[in-house]
Amino acid sequence: MVLVRVLANLLMLQLSYAQKSSELIIGGDECNINEHRFLVALYTFRSRRFHCSGTLINEEWVLSAARCDRKNIRIQLGMHSTNVINEDVQTRVPKEKFFCLSSKTYTKWNKDIMLIRLKKPVNNSTHIAPVSLPSNPPSLGSVCRVMGWGTISATKETHPDVPYCANINILDYSVCRAAYARLPATSRTLCAGILEGGKDSCLTDSGGPLICNGQFQGIVSWGGHPCGQPRKPGLYTKVFDHLDWIKSIIAGNKDATCPP
């Protein structure tokens, strides 16, 4: 009986340790291959390594984060596994790039947005299709889906060969202000995450989409380091607040200005 109790206690300790260790993993699972037809990967011609994600909003335009701007960007669409190439994968280069400000002068909490016009439109296919822009801002508490090929470990860069998806919640902006001392009283960003931690966007997820009720509501911008800490949610550029600017640029008004 004593031996049984000792073994039982050891098992309990192992389970407890495993639970604590799992909290260090950026939560989420492999995305369904059919749920991210709008998700694109950004890389540079020279490195050929993905550094950011983006979102296809129509056959000629992609939205990403200003922090993702690079020379010689390549945009890959229709990809799931980096090891198994889908037949309908398409690669494009930018024709034009638009920013609220210079890509060098965005701030962590404002105007981290880049609108890319593709040099050649893409064709909708099995694994490629645009996502809907928002008709309204997301409600507080909404369950949203964040996705990307970013690292799935909080302690070191561990990149999967498939995109991972995780469900997180829209939180009150005051939660992010409490977590990050330099945040201004208001900003055109969404605060989203899980208060207890364990699920979060992370390195190289920047520029990717936050999808709420089938609509594209946020662009991955920044968050705590390491990722996934309790009460350290992520910040996402609020797409709804930039709709007029986005639509004006697409309509041909290249002098359109972002909201203040």
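Backbone N, Cα and C atoms are what each Cβ position is placed from, and that goes for glycine too.
Per Swiss-Prot, the residue from CYS202, CYS258 that shares a disulphide bond with CYS227 is CYS202. Swiss-Prot records a disulfide bond between CYS176 and CYS191, which is the match among CYS165, CYS191. For CYS31, the cysteine that Swiss-Prot lists as its disulphide partner among CYS100, CYS144, CYS165 is CYS165. Note: the Cα of CYS68 (disulfide bond) and the Cα of CYS100 (disulfide bond) are spaced 14 Å from each other.
When the neighbouring Cβ atoms lying within 10 Å are counted for each of the disulfide-bonded residues (CYS100, CYS144, CYS165, CYS227), the highest count belongs to CYS227. Annotated pair CYS227 (disulfide bond) and ASP112 (active site, charge relay system), C-alpha to C-alpha distance, rounded: 19 Å. CYS100 (disulfide bond) has ASP112 nearby among the recorded positions ASP112, ASN123, SER206, counting only those with a Cα within 10 angstroms of its own Cα.
Same-chain residues at least 6 positions away in sequence with a Cβ under 8 Å from that of ASN124 (N-linked glycosylation site) are, in sequence order, GLU59, PRO130.
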